[in-house]
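Trainee: First the structure, which I've put down as structure tokens, then a few questions once you've had a look.
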């Protein structure tokens with residue numbers, strides 16, 4: 001039984017349609033990778049799920065409709081979206097950024113506990129607590145973005161190109177943490193990634209998106225084994 | 001700058017015109033009709049309406065300058081009225097104190113406004129957006145007491161009264177018609193000048209500055225140079241409009257050029273439509289006619305209606321009347337399809 | 001020397017007036033990146049509401065409370081009704097809408113209450129503090145005190161409450177704020193409400209000193225702009241200090257620089273702004289990143 | 001997009017042209033006037049018939065100077081009353097068209113042309129403000145359209161000989177300054193005067209007239225400070241003036257700034273000069289917000305009856321004014337002095353029309369320049385309108401007053417400045 005069910009999702013900007021009916025499902029606690037070339041509509045898909053763009057079709061999370069709702073409502077339903085560019089509140093402190101992640105939650109004690117939990121994943125953030133978020137390095141900012149998302153205690157985590165602009169070593173570390181989070185918190189994750197190799201490394205399921213349509217779906221292993229995918233997105237032949 | 005404002009700015013830039021042959025024909029046809037009408041109008045209209053249209057043309061020339069700065073270079077000026085005043089006073093002082101024939105005052109007024117624009121533009125153009133708007137606002141406010149201070153030259157708060165240019169006998173034209181044609185020639189001339197300017201390398205550089213300063217800089221556009229130049233040209237056009245204004249009204253005084261003029265001009269170009277060539281004309285019509293319309297609706301408090309009309313136009317046409325007109329026309333053929 | 005000190009005190013008195021309105025301007029700018037040209041007029045309108053209540057026999061303090069509440073609601077309403085429809089339009093469009101609002105509110109106030117100047121009760125005692133040869137009016141001290149208090153309350157609100165955190169988030173990155181679940185629309189309305197309330201405080205402070213009439217705030221607005229520019233448009237502290245500097249500088253220049261005199265002293269804030277912006281474009285207390293428009 | 005926008009502009013202009021063409025009125029149109037006959041033959045009758053007369057007025061109804069927009073309310077009330085109860089002026093019902101110029105000269109030019117060319121008015125009855133009036137007076141005089149009783153006190157309306165069609169009404173600022181100078185000469189021959197003035201023609205005319213009038217006396221101006229109408233306060237100026245040690249303070253301001261200066265003077269307990277406030281700012285409506293206890297002993301001069309002044313409670317004209325205001329300007333406060341000003345000006349116009357030889361534009365022009373001690377009931381007792389071939393100033397007399405208790409008290413004789421000083425001049 002899939003937790004996230006996307007059915008016939010259509011989305012775009014103004015008169016330009018980007019997604020032409022996308023359907024897939026993600027099981028509770030699974031990581032799902034969305035692959036595809038630039039301009040395929042990967043980012044738009046995540047934006048459609050979190051309500052940042054207008055949509056048609058349905059997308060339900062545990063039976064609750066997400067499509068057509070505003071981003072703040074979707075967040076209140078337990079969806080944390082780490083957008084392209086990380087969405088950091090630059091002039092605010094690291095602590096402010098993290099607390100904003102828990103903006104819709106109540107329960108002071110739990111929130112304080114979650115802060116501590118996030119420092120176990122990202123110890124570096126604890127040392128930078130009173131520093132401006134804008135002064136962090138790219139990798140640290142990505143960690144902050146992840147930490148902010150986790151502060152929501154999300155049921156569904158949407159990650160948009162977490163590797164963008166980061167050094168390979170940092171990227172690998174980041175994906176390791178995502179995997180750990182997924183394992184420990186049982187959070188469902190949808191990750192959009194150029195670096196298919198990395199994404200497939202932590203995903204159970206994967207879909208390839210081209211010009212707004214899913215052209216290929218399967219388990220991570222199946223996708224990795226697909227010759228065309230290998231050629232286009234993995235950069236090597238099987 | 002936040003992400004959302006970035007996208008806003010992108011959408012606010014007028015889309016590039018796609019010139020299909022049909023569209024080009026349409027365009028030239030419309031322009032030709034417009035010009036014929038403009039030449040024909042003063043022989044058909046009552047002198048009062050001719051005078052009103054003359055003022056529309058004067059404002060249109062000033063707005064053309066403002067459009068260059070705001071619409072094409074993306075810089076906000078709340079001090080355009082000050083350059084208008086500089087042009088007007090230059091013409092008035094030359095006619096009054098130096099007895100210069102009036103046609104000669106226009107190039108001098110243009111040059112003076114250009115130079116002052118250049119001088120103020122060098123420091124002002126290091127500022128962006130809001131800060132530039134406020135500094136130019138301060139210039140507009142400061143000009144009024146400054147004009148009063150140099151009384152021997154400017155006539156102080158009493159201003160200067162001038163004889164209006166008389167039509168040469170051979171034209172057989174009345175005074176209003178003569179002034180109208182002068183304004184029309186100046187308007188057409190400046191419109192052609194600006195149109196060709198925008199098609200040149202300079203125009204492309206300005207658009208690059210407006211759409212993305214950083215990218216423009218990377219592409220090797222000398223930002224401050226073009227911004228300062230845009231500011232000076234904008235001032236020059238305001239100066240040209242100012243000198244024609246002096247001929248038409250025959251009177252300049254500090255009260256003619258209060259900060260309200262600058263604010264009305266900015267409202268005029270935004271209402272008319274930024275970045276389009278018809279925006280200044282529509283804006284000129286707005287500046288000229290809407291205050292009287294407001295009074296016809298409510299003569300107890302015209303400001304109430306004027307304020308509401310400005311807000312209403314911005315609701316209906318957030319990108320200005322030129323954009324609205326464009327959208328309306330676009331809808332017609334679509335229905336036929 | 002006493003004359004000089006007295007000039008400074010006079011300047012501080014004027015500066016406190018500018019600062020109070022600058023505070024409201026800065027509030028809106030922080031949230032929306034919009035300079036609200038109608039801010040002073042809204043403050044004037046609020047003051048008329050207070051005046052009407054007092055004239056109807058309501059006690060001053062009760063009238064003040066009612067006015068602040070009404071202004072807050074009015075500010076939010078204006079955001080929902082007037083600004084919301086053009087949300088997403090180019091910034092300049094929104095600025096022009098506030099210009100329209102300026103003209104509308106100004107004319108409406110004249111229509112409703114006439115242009116006769118009105119006496120507004122002064123909450124502060126009428127006397128003055130004599131410090132040697134220098135006289136400091138109690139009303140000047142009162143205005144400075146209230147401006148300081150408002151600034152302190154705003155600081156507490158922004159730095160130590162969840163709503164304040166949300167407002168700062170909306171101010172810096174509205175798209176991202178939406179993603180963490182903040183209702184951005186309501187927060188913006190809240191910002192307008194808050195600015196209108198601070199504006200109302202400014203109007204009530206200013207009215208006993210300048211007399212209440214529809215154009216009461218128009219002159220103050222220009223100086224408030226100067227104050228906000230000088231201090232940095234995103235810094236409430238900067239707005240207040242900017243206001244005081246502008247007030248003192250124009251008074252001193254008007255008094256001691258012969259060429260400037262009273263007629264050209266309005267040029268002094270202009271020069272200060274220009275100098276400050278060229279050396280430090282974000283203003284004295286602003287952040288470089290905020291140069292957004 | 002641009003393409004169609006130009007098209008639309010074309011259509012719009014076409015529409016403007018079309019609607020303009022329909023009701024175009026030529027320069028020669030007579031506007032339904034009846035041809036004058038007899039001694040009046042050949043004179044202009046535009047805008048008037050045997051049963052009607054159309055007048056146009058230009059005032060700032062919008063913008064920062066809108067306070068003056070109350071003047072036409074008083075005028076309209078007067079004409080409505082005369083139309084309804086006296087059958088108009090000499091059988092001619094008055095139609096009064098008011099236009100808004102927002103205190104902007106170019107707008108005033110436009111509105112003057114609208115009134116003269118489109119509305120075909122008989123005369124411009126009042127344009128307000130020196131800048132707007134100056135902007136249109138060349139036009140009205142070339143057109144030979146009377147521009148009568150303009151609402152500004154600049155002295156050029158009376159002294160300029162090239163504009164016979166334009167004439168002022170209220171005492172000009174120079175005359176007013178002379179009244180104060182005259183008083184000081186007699187009562188305080190060694191006065192040291194500090195002056196606050198508005199930095200425009202009004203402030204400079206009054207201060208200049210005052211300086212001229214005190215030449216050769218022991219009175220001297222020891223300090224002067226100006227303010228701009230855009231200034232929020234005058235505290236800094238008042239501080240400087242207080243430091244001058246003057247014993248007379250001349251307050252040359254418009255109402256709001258007058259109140260600010262009065263309040264600043266009251267607040268400063270160390271400086272207690274004789275405070276003279278000019279007529280423009282001397283209304284009881286200005287003093288009341290300052291607090292009557294703070295303005296005791298303040299001096300001024302006036303020429304028309306202040307509706308706020310209990311002195312006139314039993315005055316027949318004041319009673320009539322208040323009653324008719326209630327009747328014909330319902331909801332308007334008769335105590336606003338601008339309403340009374342408008343009423344007085346309108347009633348002066350009525351008197352001038354009563355005295356015309358011909359009901360023509362020329363007739364009005366000659367009549368207003370040949371007023372022979374015409375009494376206007378709204379003016380102070382003893383003040384009349386008088387003009388002549390070399391005197392273009394209808395009202396030149398004022399009476400001094402001092403604020404006592406809760407009202408102005410007139411004192412001394414009516415001062416005819418012309419008798420004392422000759423024609424006003426700032427030179």
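Glycine is no exception: its Cβ is also placed from the backbone N, Cα and C atoms.
Note that the coordinates shown come from a computational prediction; the quantities given were computed from them, not determined experimentally.
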Trainee: Pick from B:178-198, B:199-219: which range has transmembrane segment per TrEMBL?
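Mentor: The listed stretch tagged transmembrane segment in TrEMBL is B:178-198.
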Trainee: With pairs fewer than 6 apart in sequence excluded, do the transmembrane segment (B:303-329) and the transmembrane segment (B:77-95) have three or more C-beta pairs that lie under 8 Å?
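Mentor: Contact between the transmembrane segment (B:77-95) and the transmembrane segment (B:303-329): absent.
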Trainee: Please report, as numbers and ranges, the same-chain residues at least 6 past the borders of the transmembrane segment (B:49-70) whose CB is under 8 Å from any CB of it.
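Mentor: For the transmembrane segment (B:49-70), the nonlocal Cβ contacts are 41-42, 76-77, 80, 83-84, 176-177, 179-180, 183-184, 186-187, 190-191, 194, 197, 206, 230-231, 233-238, 240-242, 244-245, 248, 265-266, 268-270, 272, 274-276, 279-281, 283-285, 287-289.
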Trainee: What stretch in B:26-43, B:229-253, B:265-291 has the biggest tally of Cβ pairs under 8 Å against the transmembrane segment (B:101-122)?
Mentor: B:229-253
Trainee: Could you check whether the transmembrane segment (B:229-253) packs against the transmembrane segment (B:178-198) - three or more CB pairs closer than 8 Å, residues at least 6 apart in sequence?
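Mentor: Result for the transmembrane segment (B:229-253) with the transmembrane segment (B:178-198) is yes.
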